[in-house]
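Some features that TrEMBL has for this protein:
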{"type": "BINDING", "residues": "24-31, 92-96, 146-149", "note": "GTP binding site"}
{"type": "DOMAIN", "residues": "15-290", "note": "domain 'Tr-type G'"}
Amino acid sequence: MSTATSESDITKEAKKRRTFAIISHPDAGKTTLTEKLLLYGGALHEAGSIRARKASRHAASDWMSIEQERGISVTSSVLRFEKEGIKYNLLDTPGHKDFSEDTLRTLVAADSGLMVIDVAKGVEEQTEKLFEVCKLREVPVITFVNKCDRPGMEPLEILSNIENKLGIEAVPASWPMGYGHKFQGIYDVIEKKVHMYQKSEHGAKKAVTEVLDLEEALAKSDMSKVEKEAFEEEVMLIDDMYENMDREEYATGKVTPVFFGSALHNFGLDVFLNYFHQLAPHPQQYKTPEGMARDLNDGFSGFIFKMQANMNPDHRDCAAFIRVASGKFERGQQVTIAGLGKKVKMSTPHTLMGDDRQLMEEAYPGDIVSIFNPGSFRIGTTIFEQNEVKFDVIPLFTPEHFQKVATKDPFKRKQLREGLKQLSEEGVVHVFEVPNGVGNELLLGTVGVLQFEVVEHRMLTEYGVELIKTPVSYHCARWLPNGKDDVIEKLEASYSTHVTKDMEDNPIVLFDSQYALSQGEEKVGTENLFKFKQG
Ligand code: G4P
């Protein structure tokens with residue numbers, strides 16, 4: 001099918017879109033901020049429903065049943081909202097126990113990251129992990145320092161914290177007037193005005209705001225003379241810092257503009273949203289492994305970044321989430337699966353808006369389409385309508401949790417292998433074989449612990465295999481380059497390193513301790529030990 005839409009229409013549509021994901025540590029305020037973005041974006045009239053949704057999904061078992069009862073994916077929602085002609089696609093990145101490889105993969109489908117940090121805690125562990133993926137892809141990251149209404153680090157201290165933990169430059173794009181309980185306004189670095197706020201009832205409605213010149217704001221504020229002087233000095237300093245921000249470095253994720261505020265009380269959100277759409281890039285061209293950029297007008301293409309099985313308990317179905325990389329996607333379009341040459345008709349594409357599933361008639365670069373897997377889709381699969389292309393955008397992430405598994409019923413060994421192979425192909429879990437003296441044992445590796453529960457649940461319900469699980473503690477793992485036997489030999493010589501392969505033949509090394517990792521790095525060099533690897 002050839003599209004009637006002209007090239008410039010596709011570029012125009014792409015330019016209206018901002019596809020981003022929030023990167024944060026649990027409790028930093030991601031849910032609250034998401035809800036407030038929807039409130040300010042006009043998609044919600046009163047805040048509350050997203051939190052209710054979060055509250056009902058804290059346990060793994062709940063997660064399973066919620067997924068099944070509702071027949072939709074709670075964990076992989078794309079929240080869409082539109083404000084002043086800009087269409088935002090916010091990709092959900094689950095936290096807590098449900099943090100998994102999917103969370104990391106989602107970032108591959110985003111054009112920018114919104115990093116939410118708790119002002120009292122600074123950059124935390126999960127944020128660091130998610131940030132690594134943004135760094136790998138060189139996508140811009142915009143920072144929102146949250147909970148400024150509570151005691152925490154001083155603004156300059158939090159900038160240093162970001163710089164030291166993440167190795168990027170942090171440039172203020174707004175500045176809090178007063179910290180903690182004295183927090184009363186936000187200085188807008190670009191407009192050079194102060195937004196003075198009054199708390200609304202539990203932040204359910206937009207905050208009442210007065211936009212004032214610096215002098216007026218200072219006159220109105222209840223800060224002491226010393227505090228006022230300090231604020232004036234800071235403002236001069238940050239004006240300079242923002243003006244000198246290197247836009248190119250920002251575009252490749254080496255500099256992050258930092259906004260301050262309180263998601264709960266709606267402080268600083270208006271300032272943030274005024275600039276977010278200018279700072280967050282519209283959909284960018286994805287590159288092929290050969291380094292060729294796919295032009296946005298080069299016909300429909302997209303890739304699958306997430307698969308979600310068993311979304312409907314009545315059918316053994318599996319939804320594939322496609323990020324549109326170029327061109328126009330239309331319902332009913334026939335696409336080709338890159339590498340296989342197989343043709344597939346996209347008859348029932350959906351979009352997810354919160355918990356609502358809606359039929360999707362058309363989509364443009366930056367949009368996410370979900371479709372029931374016709375059987376041949378895998379994580380990383382590229383599909384295209386015309387002008388053949390194959391992306392290789394999904395890296396292998398390093399598993400951090402390991403478990404040995406066997407089947408309780410020895411007659412089900414075949415089903416065990418078959419099931420695990422399927423789950424490994426779907427990207428649910430990494431499966432390795434490790435020798436145990438008599439034969440080979442199966443070892444599962446995951447990024448998040450919930451993945452084990454998903455495997456256990458699916459092995460039982462789909463393959464009738466009850467697993468016996470034995471925890472094993474490796475300190476960490478690193479992927480190895482393919483075809484470098486000398487690297488493998490050097491690593492195999494050590495007692496505390498274990499070289500193995502996953503079911504797709506990707507070599508990996510498991511280390512018993514930090515010391516073993518350092519020894520390994522010395523032996524083969526860090527350039528041969530990958531945290532992320534193209535599969
Ligand atoms: P998450 O999705 O990143 O895990 O965080 P979430 O938004 O659920 O926020 C975690 C806690 O932090 C919540 O409190 C929330 O109300 C609070 N919070 C979020 N933003 C702010 C802020 O700007 N200021 C202050 N003071 N608190 C904030 P909770 O006690 O866990 O839940 P609840 O009792 O408020 O529902």
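Just so you know, glycine gets a Cβ as well, placed from its N, Cα and C.
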Binding-site residues: Ser24, Asp27, Lys30, Cys148 - member with fewest neighbouring CB atoms within 10 Å: Asp27
Close-lying binding-site residues around ligand 1 among Ser24, Thr93, Cys148, where CB distance stays under 6 Å: Ser24
Mapped DSSP class for Cys148 (GTP binding site), helix or strand or coil: coil
Secondary structure at Thr93 (GTP binding site), reduced by DSSP to three states: coil
DSSP-derived structure type at Ser24 (GTP binding site), helix or strand or else coil: strand
